């Protein structure tokens, strides 16, 4: 009863990581979200075959821009059965999780995965601060880290909000308290350098 | 004239005064649209408060500024490189995992593309 639950959420195939994807899903129409996720999973599986062991619960998505199936025929390093078993287990958990999500949760999850900082703006910002050009990889890395940063602040702020017996939307006071707490945990760097005020 | 307050100036003053966290003051908002979506994804309301989003934007810019400066100070001086960013994140598990994964992913993509191109080249000749 109430909100309709999504049925038919497939999800077989490789791992669906929990980390936000920077770019894989950006250009895909919403109704093809599932298809593309699977393609990304294949990409992710290819990546894992090369020996990268993902952190528990924090597997990264692939940022594939070319999810052709051809990629799998490319020679990769030897497969590691144990890793695939682990990946399959994670995939299973993800399938279970997604199949029990409400529509609202799925909507939010999709936005969670797709949202990203605009590359051009990010590049401009970094280059202004650096006073020199930076590579595209640097922009991607910085964008990814910045997104994790936002997530950490928001999660802490939601925690504060709840502890104070209040509800979203988050207010500035929640943000400020969250920042205060994260700073003491060392998750927000203090300033060692002169701040850039205008640009 | 002398008594008249220029309304434009007054507005600017108010904005700076009522600005967000930190001493950065107000500037043109760079990430407003995407940040609003991002906080929804992370658990905030679908319509977040603008003031809160502004605070976040200032935080993000401060973070990026700080990291860029630090990255330039290590490794190849004066340059911001991915390896530097990875090193700088070493004490923060979430950020470290993310940037390392992105980097490794990228390396693998490059290898795959290269092998793919080489395979194509062989078939062509």
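Placed from the backbone N, Cα and C atoms, the Cβ positions cover glycine too.
Feature annotations, courtesy of TrEMBL:
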COMPBIAS  A:1-14  compositional bias 'Gly residues'
COMPBIAS  A:41-67  compositional bias 'Basic and acidic residues'
COMPBIAS  A:68-83  compositional bias 'Basic residues'
DOMAIN    A:97-181  domain 'TAFII28-like protein'
REGION    A:1-27  region 'Disordered'
REGION    A:41-85  region 'Disordered'
Next on the checklist: Per DSSP, what is the helix/strand/coil residue tally across the domain 'TAFII28-like protein' (A:97-181)?
Outcome noted: 65 helix, 1 strand, 19 coil
Next on the checklist: Can you work out the mean pLDDT of the predicted model over the domain 'TAFII28-like protein' (A:97-181)?
Outcome noted: 96
